[in-house]
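Notes follow the structure.
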Amino acid sequence: MPFGNTHNNFKLNYKVEEEFPDLSKHNNHMAKVLSKEVYGKLRDKQTPSGYTLDDVIQTGVDNPGHPFIMTVGCVAGDEESYEVFKDLLDPVISDRHGGYKPTDKHKTDLNHENLKGGDDLDPNYVLSSRVRTGRSIKGFTLPPHNSRGERRIIERLSIEALNSLDGEFKGKYYPLKTMTDAEQEQLIADHFLFDKPVSPLLTCAGMARDWPDGRGIWHNENKTFLVWVNEEDHLRVISMQKGGNMREVFRRFCVGLQKIEEIFKKHDHGFMWNEHLGYILTCPSNLGTGLRGGVHVKLPKLSTHPKFEEILTRLRLQKRGTGGVDTASVGGVFDISNADRLGSSEVEQVQLVVDGVKLMVEMEKKLEKGESIDSMIPAQK
Amino acid sequence: MSFPNTTKAPRADFPDLRKHNNCMASALTPGIYARLRDKTTPNNWTLDQCIQTGVDNPGHPFIKTVGMVAGDEETYEVFAELFDPVIKDRHNGYDPRTMKHPTDLDITSGFFDERYVLSSRVRTGRSIRGLSLPPACTRSERREVERVVVTALAGLKGDLTGRYYSLGDMSEREQQQLIDEHFLFDKPVSPLLTAAGMARDWPDARGIWHNNEKNFLIWINEEDHTRVISMEKGGNMKRVFERFCRGLKQVERLIQERGWEFMWNERLGYILTCPSNLGTGLRAGVHIRLPLLSKDARFKKILDNLRLQKRGTGGVDTAATGDTFDISNLDRLGKSEVELVQLVIDGVNYLIECEKRLERGQDIKIPSPVPQFRK
């Protein structure tokens, strides 16, 4: 957040011990990694736009833990954060992304035809399917740090790009500022809109500043392809529909994303990407593909099975409540999605979801019949 | 902090305040913004940082908020072009450029009818000169404030002898107990505070000190470096204020012995984070039952003319429950502590008179407005 920690040079008058945050009650990735040595090494640095170490970690200092997930506890303020603060962020990335090394390379594969199957998930169980990712626009700082002026330019560029889409992607932009309360409630209930920023994970990182200035949602006429502008990332791109046809969701996702990227590139504002970290986003947890592909699926029996967590882990999947990351499940319906983001491609991650959910639905059916699922428990993927 | 790779033109960064209703939004023009945007205080505190809370919080259901905060003592000078009109707006025409604020901490009389007045309380804030204010302070500065104040408080004696409870070490039960007794400050959920960065690093270096009798309390590192509170059940405002003044003077002496002092100047009185608390920083009030008067259509006007303010019994962000209200002085700047407490005493007595008259089926009168500053 740009304002709490701006007088960085002034702070250097105080010793490391005096400034070091109290992380004794904390349980997030940043707290596990940040030592006085690392703090001492990085505290006098800043990125070209002035983002500092204390800016990076403030959200993790202010939020010791989360009831459902292990949070990252740090954010990037710009593309250069991942370089300037690599002594903190590389170990955080490694911890969060299954041992990913600073020398590893990430592969990008947005060719939807490489996905096998995915069009036959049982709609009696799989209520909806969704794929989302984020994109950052090169040349601008990220939501924790950006100014009102930058945010407005990002919005303008996004609107221009999106308004030029046609066919199945033809749609309209709804700025948050002028949306009516009724429209807004409807979009939230449809799982289309992002929350008003009440999560302290976001607010403590400064991402809710100036709300709702420069924020909005664009969607196509069918409401199957949506873009969020200026929430936790510059852009969040979402493809979704009711039922279990993940294949179709992923096709539309890839095609739409690539169309958008072409338009931005033509205007000399490509997306932030590099060979090592893939797509650069605000939260280190979203590096790589930034992709979360998932379903809302009814698993009342399987979810109470003692091996449920184990199965999810082996399938490299993650569960959430149907309200999103900060919620619990309701009525046996879970949001199941890929746990990985970095080190595997988009196609590989969606494949895991498709195969894994298919298996879990079969397990659910077995349990309904009173049969055992022990022989179906998968090996670690 | 600047955002160098964007918007050279201040115009592009000017906040959208069209839906806003706070003092900052009323005073800030593109011209003022352009002239002040690239200035900083010696600690590098900027205009955008001052106003962020007002941009993020367009309005408040019960009160017109100020919408900006100071990061340090120099803020009030460097950004005077914006702060002065806001101060004037908030403090009923007090002009910091031409007027002086009186300080006076020696009391007079004040007992209330305890069939109506449930409790009496006086609070103020004090900032330690040389350390940044809560929106801006670093962790070490905040810890230093805690150290300076706690060390000084350990020197209080007699009926003021007490103990410090660090928020980080307090048990959940102790904490809830203190909240229920109206002693402790809230966990920071109000967006007015969080958007100004005052909740950073919570609960590091925050705590409460109180004397053994629990009628003299100090909050450390909430919205100000210190908040000093004297309170007790019942209607003996005289005793509450006497203890307030005595305790405050002793604390000041104790920090001065160690080479520290409070932020104060002739123009603005005591310097606090929020411009609404400049001057005396004093809020003197009671929890009072006014079942009949509160339903009378003239209640608001009576309060206005007496220069009193009503709040719910949970504090500034709450509504009244039942017939019990928190009634306190509206003004902070331009009148001394004694004048303000006297105003509360006279005003609350008037309200009680009205309630009694209504009980007897008699009519009540709206009083003439209390005069503004001494000229």
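Each Cβ is built from the backbone N, Cα and C atoms, and glycine gets one as well.
Taken from TrEMBL, the feature domain 'Phosphagen kinase N-terminal' applies to B:6-92. Here TrEMBL flags B:116-358 as domain 'Phosphagen kinase C-terminal'. The ATP binding site feature in TrEMBL is assigned to B:119-123, B:His182, B:Arg227, B:283-287, B:311-316.
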Per-state residue totals over the domain 'Phosphagen kinase N-terminal' (B:6-92) - DSSP helix, strand, coil: 41 helix, 2 strand, 44 coil
Set of same-chain residues at least 6 away whose C-beta sits under 8 angstroms from B:Ser119 (ATP binding site): B:His182, B:Met231, B:Glu232, B:Lys233, B:Gly234, B:Val286, B:His287
Secondary structure at B:Arg311 (ATP binding site), reduced by DSSP to three states: strand
Residues that sit under 8 angstroms from B:Arg227 (ATP binding site) by C-beta distance, when 6+ apart in the chain: B:Arg123, B:Thr124, B:Gly125, B:Phe185, B:Ile218, B:Trp219
Site with most surrounding Cβ atoms, counting all protein chains shown within 10 Å, from the binding-site residues B:Gly285, B:Arg311: B:Gly285
Listed in sequence order, residues with CB under 8 A of B:Val122 (ATP binding site) and six or more positions away: B:Ile229, B:Ser230, B:Met231, B:Met237, B:Val240, B:Phe241, B:Phe244, B:Leu282, B:Arg283, B:Ala284, B:Gly285, B:Val341
Stretch-averaged pLDDT - the domain 'Phosphagen kinase C-terminal' (B:116-358): 91
